[in-house]
Amino acid sequence: FDFCQAEGKKRPSENLGQVLFGERIEPSPYRFTFNHVETCTSVCTKTYDTTKPEDKQKLDFLKKSMLLNYQHHWIVDNMPVTWCYDVEDGQRFCNPGFPIGCYITEDGHPKDACVINSEFHEKDTFYIFNHVDIKIFYHVVENEARGARLVAAKLEPKSYKHTHPDKPDCSGVPMDISNKANGEVKIAYTYSVSFHEEKDIRWASRWDYILESMPHTHIQWFSIMNSLVIVLFLSGMVAMIMLRTLHKDIARYNQMDSTEDAQEEFGWKLVHGDIFRPPRKGMLLSVFLGSGTQILIMTFVTLFFACLGFLSPANRGALMTCAVVLWVLLGTPAGYVAARFYKSFGGEKWKTNVLLTSFLCPGIVFADFFIMNLILWGEGSSAAIPFGTLVAILALWFCISVPLTFIGAYFGFKKNAIEHPVRTNQIPRQIPEQSFYTKPLPGIVMGGILPFGCIFIQLFFILNSIWSHQMYYMFGFLFLVFIILVITCSEATILLCYFHLCAEDYHWQWRSFLTSGFTAVYFLIYAIHYFFSKLQITGTASTILYFGYTMIMVLIFFLFTG
């Protein structure tokens, strides 16, 4: 953007999660000393001569970023520097970023941040916020060694046309850049810093003021209640079926005289000779089950740590780092589960099974990720991952995850196959004509609705935190929703499985995986809706990136719910 650069300062180091998310921290040319007040200090002056093509290009880029409401994100002592302003109902909203500038349209209508100042009134003009008033709030530590701790950093963006850029006085008219301006444009960047003692805020609770102004906790409770109602409804249904129907059936079987009535079987009892027939494509199913187990345990542990507060927004990138490391270390359960199921399906090709478990799903995710990275790299984006990090991820995968998967598979194949309580008949039974709702597709489509109903409100906030730079801190809620989702998926599947077994259709393995796995399709539809209704994303590269990353999330979610 051609703002002022910090000369000769080292870049802060980032952890794996930040690099994967493309969060790059750059050193800043704004220098503070504690309790040393600065008023209207000059940082640098940029001059653009619109007759030169490279200068014109830089200025046009700056204008475009103001038009699209780009934001600065600044950090002091690991705290985001916030811009607090009044919104309706007398509440204050604290935004952890502030805009580069703003635009007044040709009919004099102020866009975005231009509403804050009545001096911004020239038509078809950009106003750049080239001055910031920074207020640092601290409290003095009494009981330990003398010192002070920063508890908040706030700023007010201002716009001044400095008449003497070398001796700025920070007064006068705002810095306007007319859309049709020609000749020389000079932008002088300045700042003021003041320090204020704040006795009431403790250092441990210094994030609270940012989180309080993030609305929506009441929506959360509403969504949790909504989810709990679904869970209770489903649990009731399952319990009813288990207790009444099965109890009645079993009681009836026990009453029968073992000789004459035994021929008159009905319902799910009829398919006992076919129920454990190995499914078609058993190899693929066992691989999916292995990867799904890996993701399930990873999600559980990550969210559990997040609830305990280890992965708060204050530790940037911690959530992603934790998830990646756990995923790598959980190769063993993946290999074990895949091997156990594959053996019980009567499979022989154990080498193929292990290789597919360790390479199929991670390979798809990595390939997608790699293509996205190529696009970012081609666009010259700072979010592109350096080659070293890619090598590091591959090393984690090949040198840790794959051997662990092999170990898990070894133990899985060494154990005896899962014993089935009934023998499988030689000749497969014919499946009678099915009614509409016990056919495979309608059943699967219906099964995904209930789990999706539990999560879609949380999904809105998660997508906001990924794409709209809002903080996500409601891990307690998320953990609750996660547990509810697991229960709902299981119960919806049990219910639909019972219905189609009663209709004498014994192909249950794939159907039970896909019934709850179909939630991922609803997630995809929701992500597409979110893209068109909430995000103003233009350009092919950005659109491909959005859907590329969404596909990774959908695949992981599919394996997890299945």
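Backbone N, Cα and C atoms are what each Cβ position is placed from, and that goes for glycine too.
Here is what TrEMBL says about this protein:
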type: TRANSMEM; residues: 221-243; note: transmembrane segment
type: TRANSMEM; residues: 284-311; note: transmembrane segment
type: TRANSMEM; residues: 317-342; note: transmembrane segment
type: TRANSMEM; residues: 354-377; note: transmembrane segment
type: TRANSMEM; residues: 383-413; note: transmembrane segment
type: TRANSMEM; residues: 444-467; note: transmembrane segment
type: TRANSMEM; residues: 473-501; note: transmembrane segment
type: TRANSMEM; residues: 513-532; note: transmembrane segment
type: TRANSMEM; residues: 544-561; note: transmembrane segment
Outside the transmembrane segment (317-342), at least 6 residues beyond either end, the same-chain residues with a Cβ under 8 Å of its Cβ set are 14-21, 23, 282-283, 285-287, 289-291, 293-295, 297-299, 301-302, 305-306, 310-311, 350, 353-354, 357-358, 393, 396-397, 400-413, 415, 417-418
Cβ contacts under 8 Å made by the transmembrane segment (354-377) with residues that lie 6+ beyond its boundaries: 22, 283-284, 286-288, 290-291, 331, 334-335, 338-339, 383-385, 390, 393-394, 397, 401-402, 405-406, 409, 541, 544-545, 548-549, 551-552, 555-556, 559
Return the stretch with the most CB pairs under 8 A relative to the transmembrane segment (513-532), choosing among 284-311, 473-501, 544-561. 544-561
Does the structure show the transmembrane segment (544-561) and the transmembrane segment (221-243) touching, where I'm treating 3 or more Cβ pairs under 8 angstroms (sequence separation 6 or more) as a contact? no
In the same chain, residues at least 6 away from the ends of the transmembrane segment (284-311) whose Cβ sits under 8 Å of its Cβ atoms read 318-319, 322-323, 326-327, 330-331, 333-339, 341-342, 345, 347, 353, 356-357, 360-362, 405, 475-476, 478-479, 482, 486, 509-510, 513, 556, 559-560, 562
